[in-house]
C-alpha cells in the first residue's frame, strides 16, 4: 500500500509499504517502519502521535499468492525487503492446509538492523520442518554464526531449493542487491518463471 505524508520542509511524500498483517486480519493493518535520520517519510512518522490519521491507498501489488502454488519458496531479502517475505511466510504457515516449504536468506548490515527477528525466529521454532532462515550480516558481531558479507551464489545453493518448475525464488531488497541476486539466480539456472522480485 502507499502511505502519504509530509517531509521536514512540508513537501508531500508518497512511499510504498508492505503490511505484515494478512488479508484475514480484519479491521486493521500493521507496518514495519525503519526510521532513517534523513528519511522524508521517516520525518512524517516521527511527527505522528497516537490518534493521528495516516493517508493510505491500496492494496496494490503484482504478487498473488495461492496456497500450495509451489512446492517450495526460496526467499532472498535485504533490510526492509523482509516485509513482503514475512507476509507471505505468515500466510503459508498460518494455513494448516498449505504444505509449501520456505527457505529464507535475510541479509543486513549489522545485527541491530535485523527487522522482525524475534517473530522470524519464533516461526522457525514452531515450524521447523516447513520454514528455515539463514541470516547474513555485512558487519557481524564477534561470535556470529550466520553468513558473513554479501549473499553469494554458494549461499543460495546451500540455503534455497534448487531450480525446479515447482520452485520459486522471491527477492526484495535494495536495487543493487536485487540486481546482483538476479544475476546469481540466472547463473544458477533459475529461469525467469522461477523468480519474482517485489
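For all residues, glycine too, the Cβ spot is worked out from N, Cα and C.
Keep in mind the model is a prediction, meaning the values are calculated, not measured.
Residues or ranges marked as domain 'FAD-binding FR-type' in TrEMBL: 1-66.
Taken from TrEMBL, the feature FAD binding site covers 16, 17, 32, 34, 41, 42, 83. Residue 32 (FAD binding site) is surrounded by 15 other CB atoms, counting those within 10 A of its CB over all protein chains shown.
Long-range Cβ contacts of residue 17 (FAD binding site) within its own chain (separation 6+, distance under 8 Å): 1, 2, 3, 31, 32, 33, 83. Same-chain neighbours of the FAD site beyond 16, 17, 32, 34, 41, 42, 83, judged by a C-beta within 8 angstroms of the site's C-beta center, are, in sequence order, 3, 15, 31, 33, 80. Of all the binding-site residues listed here (16, 41, 42), it is 16 whose C-beta has the fewest other C-beta atoms within 10 angstroms.
Around residue 34 (FAD binding site), a 10 Å sphere centred on its CB holds 13 further CB atoms from the protein chains shown.
Residue pairs drawn from 16, 17, 32, 34, 41, 42, 83, the listed FAD binders, are separated by up to 17 Å at the Cα level.
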